[in-house]
Amino acid sequence: MPDAPLPDTVATAQSTPDTPQPYAELGMAQDEYARVREILGRRPTSAELAIYSVMWSEHCSYKSSKKHLRQFGEKAPASDALLVGMGENAGVVDVGGGRAVTFKIESHNHPSYVEPHQGAATGVGGIVRDILTMGARPVAVMDALRFGPLDAPDTRRVLPGVVSGISFYGNCLGLPNIGGEIGFGAGYAGNPLVNALCVGVMRHEDIKLAQAPGPGNKVVLFGATTGPDGIGGASVLASATFDDESHAKRPSVQVGDPFMEKLLIECSLELFAADLVVGIQDLGAAGVSCATTELAAGGTGGMRIELDRVPLRDPRLTPEEILMSESQERMMAIVEPAKLDAFLATCRKWNILASVIGEVTDVTPEEAERGGRLVMTWHGETVVDMPPRTASDEGPVYDRPYARPADQDALQADTPDRLERPKTDDDLREQLLRVLAAPGVCDPTWVTQQYDRYVMGNTVLATPDDGGMIRVAEDADTGIALAVDGNGRYTRLDPYAGTQAAYAEAYRNVAATGARPLAVTNCLNFGSPEDPAVMWQFAESTRGLADACQTLGTPVTGGNVSFYNQTGDTAINPTPVIGVLGVIGDVRDRLATALPAGADGARIVLLGRTAEEFGGSVWAEVVHGHLGGLPPKVDLAAEAALGELLAEAAEAGVLAAAHDLSDGGLGVAVAESALRGGVGATLHVTDAFTALFSESGARAVVVVRPESEDAFAALCERHGVPAAEIGTVGGEALTVTHPEGGFSVSLAELRTAYESTLPAVFDAE
Amino acid sequence: MTARVGVVTFPGSLDDRDAARAVRIAGAEPVALWHDDPDLKGVDAVVLPGGFSYGDYLRCGAIARFSPIMGELVPAARSGNLPVLGICNGFQILCESHLLPGALTRNKSLRFINRDVTLRVESTATAWTNRYTDGEEIRIVLKSGEGCYVADTATLDELERTGRVVARYAEPAPNGSRREIAGVTNEHGNVVGLMPHPEHAVEDLTGPSTDGLGFFTSLLAHLADGVPAAAGATG
């Protein structure tokens, strides 16, 4: 083994100002590098360069998106429920009874393409640690996934790998997976989307923040050891400086150990319960760099770290590699010296390695003015001496140019009006079955049965219901409902309206469980921000979401941006995934989607207005391969009225089932409810094509309890929600009649169409 | 006197809280037991819950078998005195401990399976199933990646001949288990291993049924009245 290379110290940096540094290879622009030199008044050491390069990366600094994300705060509706807003690891909302909920969604797109299983697994691990870091017990996960076309060869590699990764990690952690959504499209072939959501529950007084107050307090790193995994750029530093080939071929995708994370969760919750930490941060992207700078910035601004005290999996790691390592399952805590022994004892109980690597220090007023002072040593030599706030809070902010894409007008002008509509009942029937079997619509059981939805014993609703619902505690009546939705086709046609439509769908999904929507998280998946057309989509999308949240009174509590989802110059359809969290006072009031068995003759009522809206619809895609025109109009007032109606109807117990209408329209919704209940339905409509396939928003289909028809009609009247009696429950088939005729499909045939699509691909040898 | 039922938490146990809830709903007092502490705390029975003890590293249940608490539990269970229910990972631990014959291997699909399944209760002559009727069909939760029960033909024949198959899948076993076996018992009928999860079918709100509660109420009947009196036909 070669001798350990000499570290690039602050003293060396001062005496060798002209040493060339590989900032470009680390993804830093020349002016960003110049700014680092200006902040430090000298060239950065390799370790400092490592810290700035990761902290100022798009992923950590949100430098291209920040300008637009500010709207979520500026336009935030007044909400008494919001206890912790954006900027922390995750937002926290009050759900009553002294309990609070924290939730967030985050992308792990690029790693999931490179190595689907580990990429997706560590995506789950990362978001779960974010939730834990807030002081909450994680109680459920969900995910939104996008893949290339179902028949694309690479989809058979990526999808099973992603699903097995989520399954492996989430199941082993003991977190129920309560739902999500899955979609397919050509643009996602080289850019799958893996957006993982986690939700946690805590008492108000248990909220923890990423901060390091109190000079003299200890900085403790606990959890897994630090290895060379997930180091993208550090090897550039190492090889540029030392030409050490042994560092060359290292995995840039992290490897997850859910067992370690499970122990870390239980250990951390015990530490919190015993009040043994004053500040806590998880180690995710940018590892030790991020945790130390953010904790220091959130506290006194001062911290001293001895990097050689970080327990290593590979003793050859250099300081800059330790700083950039993304080894999973690690946390950093700030602990009062008097409580250190108790802290370490709890870690020992759970077999968790814990190491004191430094302490919080005081700063002079001058140092505070500069952004604090973070000092790191390596074998006694100072390798970092920098103001941490300049890395964590004062990164570059770009106002990237944006411009409406050149093809946008032509795309919107190519409306679905030109598409041939079904002429006969046979056409209607055949097209309904094709839409029902479409990859993004069909039964997701092949995927979801790989996830544990029962563990923890509080799952009230899970896939295939419209939203997932969790009882907040075993002895509580209160529940939370969650849904995530995104529609890249709508957003491509009109990013402002398409994003609002995704939000409205998630809102409606939550409402259809009987819960009242309360707060929003988002994961914004786009192409390159350096492309003005993509930036325009992003600007429109964020404006749409901020406006919609303001209108409906649900604040954005946090989220995540994923740029650079593109192959060559071709970006994915912009895919903002919106998560909505709602609250239900009594989980026993929840609404399920299944048609009630043994209730033949019960009335099926369609709520909301149906227009001829086929732009971006599943019908246009499946039957004609068409994407053009405008997405369905978004009517937020109608969504609010429908949501409140459903919540009150649930409380009043007047409904036997409810299902929101979205992808595919009424035909798909009723078919799904029929299959889940194992009972048929008869629908009477006028314009069968529009009735079955239009994707107009603010609609739901409900089954009214026979004894409550008058009460429900009065509720609809009061909320101004149009209610049309369109059919009845019963029989062994879905039957549709209209003035010119009608058709019927047996439940067995519906089931075959609905359930065969994914197994046909993924169970095939 | 309320029965006290221990629930062991190993590192990586996941359904321990659920098992404790089921015990409580059945009317007994759950007692938390810790893998590293050999003290059984004088409990009347023990549940080894589901999960991934020790991360399922090496082999499911293979490391848990050597934990300090098993050193106390195994002889008490083997003697026929201490009722023990091993659910999912707990079943795997019981097999690894040789308290029950056979082994659990990867599902035939090689994928984790979570679905509601119908079981047929095949033996009510155990401490954990005496409140069911022979042949009764119950709907509970299957959720496991390594739930395929295997044993050699002689062992399977012996299990069937002596009435030690506790439950079978009423449909073709989703995981490929030999002879559709979902659960087995020892010669005394005090130790039962079951791959599906009865503790997740104890509340209408959160499970597919409340059919799973019978395992826990059976235990209470057994502890109160010694039902069944001499469990397990031994030939």
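Each residue's number is its place along the chain shown, starting with 1.
Yeah, the Cβs are placed from backbone N, Cα and C, and that goes for glycine too.
For reference, TrEMBL has these:
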- A:1-24: region 'Disordered' (REGION)
- A:22-63: domain 'Phosphoribosylformylglycinamidine synthase linker' (DOMAIN)
- A:His59: active site (ACT_SITE)
- A:Tyr62, A:Lys104, A:Asn522, A:Gly559: ATP binding site (BINDING)
- A:87-202: domain 'PurM-like N-terminal' (DOMAIN)
- A:Glu106, A:Asn560: Mg(2+) 1 binding site (BINDING)
- A:Ser107, A:His108, A:Asn109, A:His110, A:Arg129, A:Gln254, A:Glu326, A:Ser327, A:Gln328, A:Ser562: substrate binding site (BINDING)
- A:His108: active site, proton acceptor (ACT_SITE)
- A:Asp130, A:Asp282: Mg(2+) 2 binding site (BINDING)
- A:385-424: region 'Disordered' (REGION)
- A:415-424: compositional bias 'Basic and acidic residues' (COMPBIAS)
- A:465-584: domain 'PurM-like N-terminal' (DOMAIN)
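Within its own chain, the region 'Disordered' (A:385-424) is flanked in space by residues 10, 29, 32, 35, 39-40, 44, 48, 51-52, 55-56, 60-61, 63-64, 66-67, 289-290, 292-294, 296-297, 301, 303, 367, 370-376, 430-431, 492-494, 529-530, 532-533, 535-539, 614-615, 617, 620, 623-624, 626-630, 689, which lie at least six positions past its ends and keep a Cβ under 8 Å from the stretch. Counting only same-chain residues 6+ beyond the ends of the domain 'Phosphoribosylformylglycinamidine synthase linker' (A:22-63), those with a CB under 8 A from a CB of the stretch are 7-10, 12-14, 16, 69, 233-234, 236-237, 240-241, 285-286, 289-290, 293, 307, 318-320, 323-324, 371, 376, 378, 383-387, 390-392, 395-398, 529, 561, 563-564. Sequence-distant neighbours of A:Asn522 (ATP binding site) (same chain, 6+ apart, CB under 8 A from its CB) are A:Ile105, A:Leu545, A:Val556, A:Gly559, A:Asn560, A:Pro576, A:Val577, A:Ile578, A:Gly579. A strand conformation is recorded for A:Asn560 (Mg(2+) 1 binding site) in the three-state DSSP classification. The average pLDDT for the domain 'PurM-like N-terminal' (A:87-202) in the predicted structure is 94.
Among the recorded positions listed here, namely A:His59, A:Arg129, A:Asp282, A:Glu326, A:Gln328, A:Arg129 has its C-alpha nearest to that of A:Lys104 (ATP binding site). In the three-state DSSP classification, A:Tyr62 (ATP binding site) falls within coil. According to its DSSP assignment, A:Gln328 (substrate binding site) is coil. Taking CA atoms as the reference points, the residue listed as 'active site' and A:Ser107 (substrate binding site) are 10 Å apart. You'll find the Cα of A:Ser107 (substrate binding site) roughly 14 Å from the Cα of A:Tyr62 (ATP binding site). Across the structure, A:His108 (active site, proton acceptor) and A:Gln328 (substrate binding site) place their CA atoms 14 angstrom apart. When the Cα atoms are compared, A:Glu326 (substrate binding site) and A:Tyr62 (ATP binding site) turn out to be 19 Å apart. A straight line from the CA of A:Glu106 (Mg(2+) 1 binding site) to the CA of A:Tyr62 (ATP binding site) spans 13 Å.
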